[in-house]
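Per TrEMBL, the features are as follows:
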- A:79: active site, nucleophile (ACT_SITE)
- A:181: active site (ACT_SITE)
- A:183: active site (ACT_SITE)
- A:4-196: domain 'Glutamine amidotransferase' (DOMAIN)
């Protein structure tokens, strides 16, 4: 059973419909104890880092998510969920969960880029992680974000160019995180979610 | 590299897809859910549904359409038309849309942009803007509302900049002069607004050939191109358009 964390961060609907479509066995919960019983966890999110961390701390979900990461069971963070797995975000100078080494930075306006980075962009993954199995190198995924992760090379499993190169997917042990939205990335994204569901550590 | 998006627009009236020329003479052309699923298979990057239902008592039909679309397609989609309050926005987002487009209602009440961005994030809030060439305006373009019927006192460029400041995450610029003609996009206005704002700009109105898309995505500096008639009436497929753009070195997502 896959537990999807509901921490009031944006719309869970798209993850839910993707899971239903894949016929996955899942539940959505904001109860730390219930979530800790899951075999796998998905930590989605759209929104802002600081207020989301505050919700996590207030509800005790921060401890539950850290404990789940330590349990060795597979865990997937998406978009804001991905960012919160890192140590720190420049978005309102927020201390994050520190599950994966790395920091989250802001796309700078003087790079002449449109922000948010919105749309489809390629992910170079070089087959570095089982979640990319059967997915063509440089396949495009859907992104929408104004801050980007920067992880040390040994934790980076996918990278993307937008003005600069950034970490678009990262992993440490049983935890994997994607800055892009696999649930909104068409068949390629559904394949990645399927790979996560089948991932044996 | 960030790819240029091809977005298909479906005008929905009483739960059916419809299409007119210059906002007039609409004919029903199919079921929006079936059409969305077909375009998803063809590799469209995003969809927009505009609810042009005339009577407010039939608005619930649109929520049902949005829910059924969300169950079948796994790409982003936007819903617009008749959204006047943050409660309307919430209903559409909860039904499964990623983005909400506000147009006439934002002209009447600009605070809706700010409130929506504050509640749901600016990436959710799209400003739809209908513009008509008008040499009496500072930028040369006037904002028109109510489906092109009512001119406003707003200058298109000023309104775009103001909407960005208020929290819009994207602008869909629809040319009233080009809409439904299939004679090509309004390149000048698109480039002017895209160069002035720091958020993505989607060109809309006038697409008739793949070359039109290339022009607006290169010369017109658009981040995405919206199409309707050219695919609805069978002449083109998303795959064919993208193959052309790819050959012309316009970066697009190829399935």
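Using the three backbone atoms N, Cα and C, a Cβ is placed for every residue, glycine included.
Predicted automatically and left uncurated, TrEMBL annotations should be read as such.
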Residue A:183 (active site) - helix vs strand vs coil (DSSP): helix
Distance, residue A:181 (active site) to residue A:79 (active site, nucleophile) (CA atoms, angstrom): 6
Cβ neighbour count (within 10 Å, all chains shown) around residue A:183 (active site): 26
C-beta crowding around residue A:79 (active site, nucleophile), within 10 angstroms: 26
Residues satisfying Cβ distance under 8 Å from residue A:181 (active site), sequence separation of at least 6: A:14, A:78, A:79, A:141, A:142, A:143, A:144, A:189
